[in-house]
């Protein structure tokens with residue numbers, strides 16, 4: 001009933017305005033080191049028992065906090081997602097609740113209905129075509145290894161990393177996704193992130209710090225970059241700069257699953273093309289919401305709620321939990337809590 005009331009409140013506000021072979025399922029780091037040497041077989045904390053992951057895959061995720069599945073999403077699906085994104089850019093479709101983001105270096109006078117103007121769309125839960133990504137059997141089969149059978153799609157994004165303007169604003173600072181999430185436990189949350197084309201260090205691939213998912217949530221804020229920082233691009237304020245990093249070179253359809261405490265980011269896009277990826281954060285429907293007031297997450301709560309009030313009016317009483325309950329969609333099993 002509480003979920004329905006929260007969703008109804010935001011609806012009113014908005015109204016106002018197939019398993020791969022074992023050889024194909026591997027991680028492909030291109031820098032840094034990874035390890036499973038310290039893993040103790042009797043201790044599985046981050047993966048659940050089923051017949052999808054091999055023992056080696058479970059060990060890898062347990063130790064490193066991420067796992068790359070090669071060639072998981074078919075080309076045909078990726079092309080459909082690309083086509084829908086282009087329609088959104090041309091304003092041919094306007095899904096309810098969608099957030100469209102542009103690079104901080106693009107002035108308002110330059111805005112035009114073009115793929116070149118949009119760096120990311122998120123919250124596409126009302127776009128049937130893009131949201132298909134969150135329901136693909138190929139994706140959910142692996143998601144269930146981390147969340148269990150009752151699965152909620154919590155946060156959706158299609159990222160269109162632009163060529164860097166020279167100010168390095170196409171970078172994404174090192175961060176932990178849990179900073180943005182007012183729900184727990186973290187071990188029952190996972191991100192699926194799929195490359196929509198060849199992704200390398202040249203066009204700004206993901207970089208991860210293996211094993212950092214075993215730590216705690218660190219304080220985040222905007223980094224002090226001379227060229228500016230994009231909206232919501234919070235970064236960790238305190239981390240080991242010399243810690244080993246792994247750059248994930250991926251091909252179209254490759255998908256990385258990673259823990260929300262894993263420290264990760266991405267570099268500049270040094271090419272003239274737009275680097276595309278589509279992703280969804282999934283959580284067990286058995287997770288619960290928390291109050292982030294008085295914690296390191298309070299700054300992102302104030303920012304998100306402030307943006308909601310800006311768009312929907314401060315007279316509408318919307319809190320962070322309402323916003324997340326409105327975004328959340330059941331994709332498998334039963335909606336037991338979230």
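Each Cβ is built from the backbone N, Cα and C atoms, and glycine gets one as well.
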Between 114, 200, 266, 317, the phosphoserine label in Swiss-Prot belongs to 317
For the Fe cation site, Swiss-Prot lists 175, 177; sort out which one of 247, 264, 288 goes with them. 264
Given Swiss-Prot annotates 120, 157, 175, 176, 177, 193, 266 as 2-oxoglutarate-binding, which of 132, 275 belongs to that site as well? 275
Its Cβ having more other Cβ atoms within 10 Å than any other among the recorded positions 59, 175, 264, the winner is 264
With the cut-off set at 10 Å between Cβ atoms, which of these recorded positions ends up with the most neighbours? Options: 252, 275. 275
Name the residues of the same chain, 6+ apart in sequence, whose Cβ is under 8 Å from the Cβ of residue 176 (2-oxoglutarate binding site)? 212, 217, 218, 220, 236, 260, 261, 262, 263, 264
Using a 10 angstroms cut-off on Cβ to Cβ distances, just flag whichever of 266, 317 is the loneliest among these recorded positions. 317
Chain-internal residues, separated by at least six, CB under 8 A from residue 177 (2-oxoglutarate binding site): 189, 191, 260, 262, 281
